[in-house]
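Colleague: Sharing a structure here in structure tokens format.
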Amino acid sequence: MSVKVKDLLQKVRLQLIYGSEDLLEKEITTSDISRPGLEMTGYFDYYTPERIQLIGMKEWSYLMKMTSHNRHQVLLKMFQPTTPVVIIARDLEIPDEMMQAAQEKQIVILRSHTSTSRLSGEISSYLDSRLAERTSIHGVLMDIYGMGVLIQGDSGIGKSETGLELVKRGHRLVADDRVDIFAKDEMTLWGEPAEILRHLLEIRGVGIIDVMSLYGASAVKDSSQVQIAVYLENYDVNKTFDRLGNASDELEIAGVRIPRVRIPVKTGRNISVVIEAAAMNYRAKEMGFDATKIFEERLTNLISQNEVKHD
């Protein structure tokens, strides 16, 4: 996986100081960012030129204390063929020697008005999401009440139709059929559509529909955190389904576990409403309100009261 410098330039809203169109095609292969402090002093052991080189106030102030010759020599050594881009934070002035070294070594120079630490965070967050390894999952990803719900189930059970009904009820489609999921960190999953399927839903008997064209921009979303999975399966009278909500079921994707709810599909059952309820119930649990525990406590108290009466 890699990200082109031109994509970083657009997404993080940076200013291009030096770099041709060809140089903007350079690829960034790591989300790690280098703050070249010791390198300014001439110590290049363990230098990582393949990383983005971010220069903030500390690095810049030290650089400006050098003589013009030393400044030029240090920058020439810092700018390597594998260096994708050098970024200057805080709208700091670009010294002539840096422009000269960039021209000699053909290195892209970008600048931002943002503070160094905040800029570093923005770049890392963007690159982490773009460079993370993707896992393709069959299903429908919806944004329901601000929560990412992954709808799965056997082929033909009605996942896309349920997604369409949820869109009509005011929720947003993220992806249909193929959901590309990646771990943004050790605890968080994010999902997005395959580019060719963006905003599209396949409905049997109707064909492919463009949700954005039919229902507007408010009906779609480019990406979403995946917080809960819903698995649709055919109703089986011989199978026991969870009725209290205390059965623990999880789905693991890319090393991250999320809760999963299994919903039996039966003629006449409004699945979209059930999924809405599952999403709201998940949010309530996250806020510390668990209806199952409340019911169990009430039941325990009732049993205790009955035992006292019989005694």
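Keep in mind that glycine also has a Cβ here, set from the backbone N, Cα and C atoms.
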Colleague: If you check Swiss-Prot, which stretch out of 30-35, 66-71, 156-161, 264-269 is marked region 'Important for the catalytic mechanism of dephosphorylation'?
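Modeller: It is 264-269 that Swiss-Prot annotates as region 'Important for the catalytic mechanism of dephosphorylation'.
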Colleague: Gly153 (ATP binding site): which of the recorded positions His138, Asp177, Glu202 is the nearest Cα neighbour?
Modeller: His138
Colleague: Whole-number Å only: compute the distance from the Cα of Asp177 (active site, proton acceptor) to the Cα of Glu202 (Mg(2+) binding site).
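Modeller: Rounded to a whole number, the Cα-Cα distance is 8 Å.
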Colleague: In sequence order, which same-chain residues at least six apart have a C-beta under 8 angstroms from Gly156 (ATP binding site)?
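Modeller: Spatial neighbours, sequence-distant, of Gly156 (ATP binding site): Arg204.
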Colleague: Work through the recorded positions one by one (Asp154, Asp177, Glu202) and point out the residue whose CB has the fewest other CB atoms within 10 angstroms.
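Modeller: Sparsest of the recorded positions Asp154, Asp177, Glu202 by Cβ contacts within 10 Å: Asp154.
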Colleague: Neighbourhood of the ATP site (Gly153, Asp154, Ser155, Gly156, Ile157, Gly158, Lys159, Ser160): other residues with Cβ within 8 Å of the Cβ centroid, in order?
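Modeller: Going along the sequence, the neighbours come out as Leu232.
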Colleague: Have a look at the recorded positions His138, Asp154, Gly158 and say which one has the shortest Cα distance to Glu202 (Mg(2+) binding site).
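Modeller: The answer is Gly158.
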